[in-house]
Amino acid sequence: MSDSERTSLPLVFDEPRGRKKPPRHLADLAPDERTAYAKELGLPGFRAKQLSTHYFSRLVDDPDQMTDLPAGQRAELVAGLLPGLMTPLRTMEADRGTTRKTLWRLFDGALVESVLMRYPDRATMCVSSQAGCGMACPFCATGQGGLQRNMSTAEIVEQVVAGARSLARGEVPGGPGRVSNVVFMGMGEPLANYKAVLGAVRRLTDPAPDGLGMSARGVTVSTVGLVPRMRQLADEGIPVTLALSLHAPDDELRNELVPINTRFSVAETVEAAWNYAKVTKRRVSIEYAMMRGINDQAWRADLLGDVLRGYGDWGWVHVNLIPLNPTPGSKWTASDPADEREFVRRLEAKAIPTTVRDTRGREIDGACGQLAATEA
């Protein structure tokens, strides 16, 4: 890899100071906090439960449909607990309408994207957790855009609720349905926005009507390897799936592809992933974007297998190979299919379960690593 191909962006862990915060929303709050907040606004506490039912269970966004609320108070209640957070600017479709990428403008003008993917047996929502990203991975369009700000818990949840509405209303081919899976693999490094992401996970998994009532097993949180946060997440008691974006099994290459590796080595990062599996009893997914001539050599497959096998073969890990998706100006390309097959063969020879990701939304820049949130 030449010097011109390497990232020159710094790692950024904290959002810029002084940014105005999004409006406070029901989804930012735990159930007991909602009741207290309603009372702060001079409203009866039980109204918070009614609004939670409309938002999370009925997926209502029209105050006129909230007929159990006094007509004279609806506007006040909605403005106080369900303020508008995001405006859809554009929705693009692929895969005969079953993949939908939405560009959102947040209250302060920041742009983010989410992707809804419907399959015959499930519907997955890929959500953003930050506007931009500070992890500076050179092959990722989001990382090359830098970090604008963290998203709030409610802004994250609203992406899922909006997708759930689209499915419930039959707007996606296949008839009415529901969101079964959520992956934090959109824009941003989820564990760099830890508090808001954890709050969103709790809202997604809280039983209805306090939340969406999803199974924690249907939620995947990705990370490039913020080791202290990986350890913290393991102790939260929420058995979500952890996906580690590894992309290289050796420090020399990973330092270039995933700059956080200069802070936390491959050994430290994989050990934290193993610890997550040990504590939660949930299998960890190792994400590995296949780049032609960069990280797809057979010897690297062997090394990856050895690194993972070093922590035992008790089913703690699974490798998910991702054909590299093109991004504007990128000098990297996807691996040759023959090299990809050999990579899989070598990992499986070391008893590492391995799959190649079904790439959805590539033609609408909605696939892994392509989200850049531009209005162009």
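Any Cβ shown, glycine's included, is placed from N, Cα and C.
Straight from Swiss-Prot, the features:
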type: ACT_SITE; residues: Glu113; note: active site, proton acceptor
type: DOMAIN; residues: 119-362; note: domain 'Radical SAM core'
type: DISULFID; residues: Cys126-Cys368; note: disulfide bond
type: BINDING; residues: Cys133, Cys137, Cys140; note: [4Fe-4S] cluster binding site
type: ACT_SITE; residues: Cys368; note: active site, S-methylcysteine intermediate
Between Cys140 ([4Fe-4S] cluster binding site) and Cys126 (disulfide bond): CA-CA distance (Å): 16
Cys126 (disulfide bond), number of other Cβ atoms within 10 Å: 28
Distance [Cα-Cα, Å, rounded] between Cys140 ([4Fe-4S] cluster binding site) and the residue listed as 'active site, proton acceptor': 14
Candidate with sparsest Cβ neighbourhood (10 Å radius) among Glu113, Cys133, Cys137, Cys140, the listed recorded positions: Cys137
Between Glu113 (active site, proton acceptor) and Cys137 ([4Fe-4S] cluster binding site): CA-CA distance (Å): 18
Euclidean distance between Cα atoms of the residue listed as 'active site, proton acceptor' and Cys133 ([4Fe-4S] cluster binding site), Å: 13
The domain 'Radical SAM core' (119-362) [mean pLDDT, rounded to integer]: 95
